[in-house]
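From TrEMBL, here are the annotated features:
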BINDING   A:Gly25, A:Leu26, A:Asp27, A:Gly28, A:Ala29, A:Gly30, A:Lys31, A:Thr32, A:Gly71, A:Asn127, A:Lys128, A:Gln129, A:Asp130  GTP binding site
BINDING   A:Thr32, A:Thr49  Mg(2+) binding site
Amino acid sequence: MGNFFSSMFDRLWGVNREMRILILGLDGAGKTTILYRLQIGEVVTTKPTIGFNVETLVYKNLKLNVWDLGGQTSIRPYWRCYYSNTAAVIFVVDSTDRDRMPTAAHELHLMLREDELQDAALLVFANKQDQPAALSASEVSRELNLVELKDRSWSIVASSATNGDGISEGLDWLIDVVREEQM
Amino acid sequence: MEKMLKKFIQNATRVAPKISKKGELFELRNGLVSQYPQTRKDAIKKTIQQMTLGKDVSSLFPDILKNIATSDVEQKKLVYLYVMNYAETHPELCILAVNTFVSDAQDTNPLIRCMAIRTMSMIRVDKILEYVEIPLRKTLQDDNPYVRKTAVICVAKLFALNKELCQELGVLEDLISALEDSNPMVVANAIAALSDIYEADESVVPLPKLIQSHVSQFLLALNECTEWARIIILGALAEYTAKDSLEAQEIIDRVTPHLQHVNAAVVLASIKVVIKNLPQVQANTESPIFSKLSSALVSLMSTPPEMQYVALRNIRIVLEKYPHILSRELRIFYVKFNDPLYVKLEKIDTLVRLVDPSNLKQCTLLLAELKEYAMEFEPEFVSRAILALSQLGVKYSEPKFITKVLEIIIELCNTRDSFQDDCLVAMCNLLRHAGPDQEGMVTQVCSLAEAWSSVENLLQTDYAKCNYIWLLGQFPQKFNNVERKLQASIDSFTQEESLTQMSLLISVVKLHSILPGSMLQNLLELATTSTDEVDVRDMAIMYWRCLSVESSHDGLINELCNSSLPEIATTLDTFSPELLETLLRELSLLSSVYFKPVSTMTKPKSSSGNHLKGKQLDELQFMAQDEILKNMNEDNLLDFDNDWPAASNSNYKSEAQGSTVDYLNDIFGLSSPAPPVENSMADLSLNKKDEKQKSSNTQDLLDLF
C-alpha cells in the first residue's frame, strides 16, 4: 500500500520520473567510457560491452536513466528492443575511424527511421578529438549526412571522453531540449 | 425465492472474465518499460507471479531483461529467476545479459556474485557460454566460500553443456584443487561435481585416484558440513578401498558417529561405508560395530512409510550379506495395522529373512505372527503371508515344525475362500522340502486337494495349477480317478500357460503306464502342434523320442519316470554373489531399491550412440542369419540321424545367441535381467531337464532354448 501511495505521489509531482537516454554507436566508439565519465566523472578501463550498461544519474535536477548498448555487429539488431519511451539518443562516433563512417551513417539513419524514436532528440558526439587524426565535428556531420534530418532537434559536439572535453556541453544542450519537449 | 432466482440467472448466464482491451501482457510490458522504478518493479513481480502460475510470459523477455541491471537485490533476484526460466525461448537475446552477468560476478555482495555465476551456467545457451570463462575463473578463486562452492558446481554444469569448452578453459584443474579447500562445503561440492563429470566421461578426471589421495580431507570435512554434503562425501568414501586394516578401522571409527544421524540418507550412506570396510577389519559377529549397524538399521524403521520401504529394501541387501545382524530385532519389523501395503509386504519378506533358524522360540513367535497376518483382509497381504509361512517352515526345516505350519495352512485353506492358490503352492513347497517319505503330510495335503470339486475354477494362477498337477503325478495313489482329473486338464491344455503345460507333460509321461495310451498320444500331439511355447514343444518332442525308442532303452524310460526330485533347501530368493557385492556398493542409491546395479539402469551414453547404431545393422543381419540357421536346425532335430552336425552346430549357435542377447540388451538399454528366481521353480525345471536329458547331445540341443 505504501508503495502504491508513493508511486501516486511520484506521478503527481513528477518526482522520481526518469528520462530514458540511449547511448548508441559502433563498437569501440567510446560509449561506455562516456557513460562512466557522466556517472562518476572518471575514465574507467572498459571491455567490449556484450549487452548493455545502465546507470541512473541526476543532472540538473533531472533523473536520467542512461543506457549504453553494445555496438558489436551481433548486438546492433537488438537496439530496437530499447527504443520505446526514449527521450533522447546520444550517438557516439569514433572521429578517427574514417573507413567505417559510412557504416555509422547507415546505422544512424536506420535507427532514426524507427517510429518509436520520432520524438527523440539526437546528440552526436564526434568522439576521440584528442587523437591527432580525428575529423572535426563539421567533417563528421558531413560524413553522417546530418543535414538531411528534418523535424528533429539534433546537434553535433566534438568531444573527448578521456579528457572530458565537450561532454558536459553536449549534455547541457540535450537536457535543455528534453526539458522543453517533455515538460 | 428472489435469492434463488438471482442465483439461477447468475448460473445461466455465462460471464466472460474481464480483460482490459489490450490484454494483460500489454499492460505488463507497459509497466516494465515505465519511467518510474517502483512501477517497473511491481510489473516484474506481477510477471513472475504469472510465470509461477504457469502462464507463458516468455514474450516479455526483452523488456524484463532491461531491468536486470539494478542495484536492488530483490529485483535482481526476480529478474534472474525469470531469465533462468525463459532463456531457452530467446537464446539470441540472452547475449544482452552477458555484460550484467560479468559485472555482477564482480559485485561486492557475495550473494550477487553467486547468483550471477549460478544463473550464467544454468542458461543453456551457447552464446552465453563463450563469456563464462572470466567470471567462472574469478569466482572459483573467490574469497567467500559460499561463492566458491557455487562456482565449483558451475564447472560441472558447464561440462554438461559444453565438454570441449570446459576442458579448453582448464577449469577442471581448478576444480581438482578445490578438493583441498579449507571449507568443507567447497570440498563436498567439488567431489559432487567431479563425480558428475566422471560419470559423464571417465577419461577427463582421474576420480578414483583423486579419492585415494584425498581421503584424509574427506574424513576431516565430514564432521563440519551439512547433511547433504555429508552424503556426497560418504559416497566418495564408499568408493575408496582402504590400504590396510588399520586404515579401514580408522574410516569405520570416523564414520560410525554418523550412523545416528537424523537424516536417513546419511545413515544409509554411513552404513554403506562401514560395510565396505568391514571385511578388512575382520570383525567377528560379536564386535560392537554390528550392534551399531543393527541399531542404525532399526532407527530407519521409525521414518515415514515411503522411507521405511527404501530402508527395508536396503535391509534386505544387508541381510543377505550379514544374516544375523538383526536377528534380535524381530519385533521392530512386525507389521502394524496402519502400514501401507507396500511396506507390509516388504516387512513380511524381511521377517522371514532375519529370523534365526536355530532359534525355535523365535520361529514359533513368528509363526504365530504370520498366522495372524494370514487372517487379514487385503488379498495381496494374505497371499504374501501364506507364502511366508511356507518359507518359514522350509527355513526352520524340522518335520515337527513343518507339520505345524502345514496344519495352519490347511486350516486357512478350509476357512478362507479365495486363497487356495497360495495355500496349494505353499503346501507343495513344504512337501518338496520334507521329501516324499513324510507320509502323514502327503496324505493330509492330498486329501485336501482330493476334496476340491472343480479344480479348474478353484485354481487361477499358472503356478498353482502347475503345482496341483505335480501333486497328481507325484502321488497318484492318493487320489481317486487320477485319469479323469488329468483328462480335464488335457482338455483345457491349449488355454493353459507354459508352466502348467510342462507340468502336465511330466505328470502324464510319468504315469503313462497306468493311464490309457491314447491319453499320452493325445497330449504329445497337442503339445507338439498347438502350442507356441518353444520350451513345451521341445520337451514334448524329447519325450516322444524317448518313448518311441523304449523297446531298446528300457532303463531310460524307467529312470525318466521314477527319478525323485531333489529337496529344496530354501524358498527365499537370493542374489548372485556378484550382484550382491555390487548392490552393497550401491546401498542407499536407487539401484538398491530396484535391486538392479546402476550400470544396468543407465542408458548407453549418447556419445557411443553412433557406434552402437552402426553395430545394430550388422547385428540385425546376424540375427537374421541366426534365425535361418535355427529353422534349419529344428528340421534336423526331428530326425536324429545326423545328430553330430546338429550338436556341433548348436554349440556354436548357443554361443552366438548369448552374444546376440547381450547385444540386444545393449541396444535397447535393457537391464540384463537378474530376477530373483523362485528357487523351487528353478529346481522344478532343472529336474525336468535331468529327467529327460540323458545323452549329452540332447543336452546341447536343450541349451538352445
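Keep in mind that glycine also has a Cβ here, set from the backbone N, Cα and C atoms.
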Can you grab the distance from A:Thr49 (Mg(2+) binding site) over to A:Asp130 (GTP binding site)? Cα atoms, rounded to a whole Å.
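Just about 23 Å between their Cα atoms.
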Would you mind listing, in sequence order, any of the binding-site residues A:Gly25, A:Asp27, A:Ala29, A:Thr49, A:Gly71 that have a CB less than 8 A from a CB of chain B?
A:Thr49
Check each residue in the chain of A:Gly25 (GTP binding site) that is at least six apart in sequence and keep those whose C-beta is under 8 Å from its C-beta; list them in sequence order.
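Residues satisfying the criterion: A:Lys31, A:Gly71, A:Phe91, A:Val92, A:Val93, A:Asp94, A:Ala104.
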Rounded to a whole angstrom, what is the C-alpha distance between A:Lys128 (GTP binding site) and A:Thr32 (Mg(2+) binding site)?
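On Cα coordinates alone, these residues lie 13 Å apart.
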Could you find out if DSSP has A:Thr32 (Mg(2+) binding site) as helix, strand or coil?
helix
How big is the Cα-to-Cα gap, in Å, between A:Thr32 (Mg(2+) binding site) and A:Asp130 (GTP binding site)?
17
Restricting to the record's GTP-binding residues (A:Gly25, A:Leu26, A:Asp27, A:Gly28, A:Ala29, A:Gly30, A:Lys31, A:Thr32, A:Gly71, A:Asn127, A:Lys128, A:Gln129, A:Asp130), give me the longest CA-CA distance in Å as a whole number.
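If we measure all Cα pairs in A:Gly25, A:Leu26, A:Asp27, A:Gly28, A:Ala29, A:Gly30, A:Lys31, A:Thr32, A:Gly71, A:Asn127, A:Lys128, A:Gln129, A:Asp130, the largest is 21 Å.
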Mind giving me a neighbour count for A:Asp130 (GTP binding site)? Other Cβ atoms within 10 Å of its Cβ, every protein chain shown.
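Counting Cβ neighbours of A:Asp130 (GTP binding site) within 10 Å gives 14.
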Rank the binding-site residues A:Lys31, A:Lys128 by the number of other Cβ atoms within 10 Å of each Cβ, and give the residue at the low end.
A:Lys128
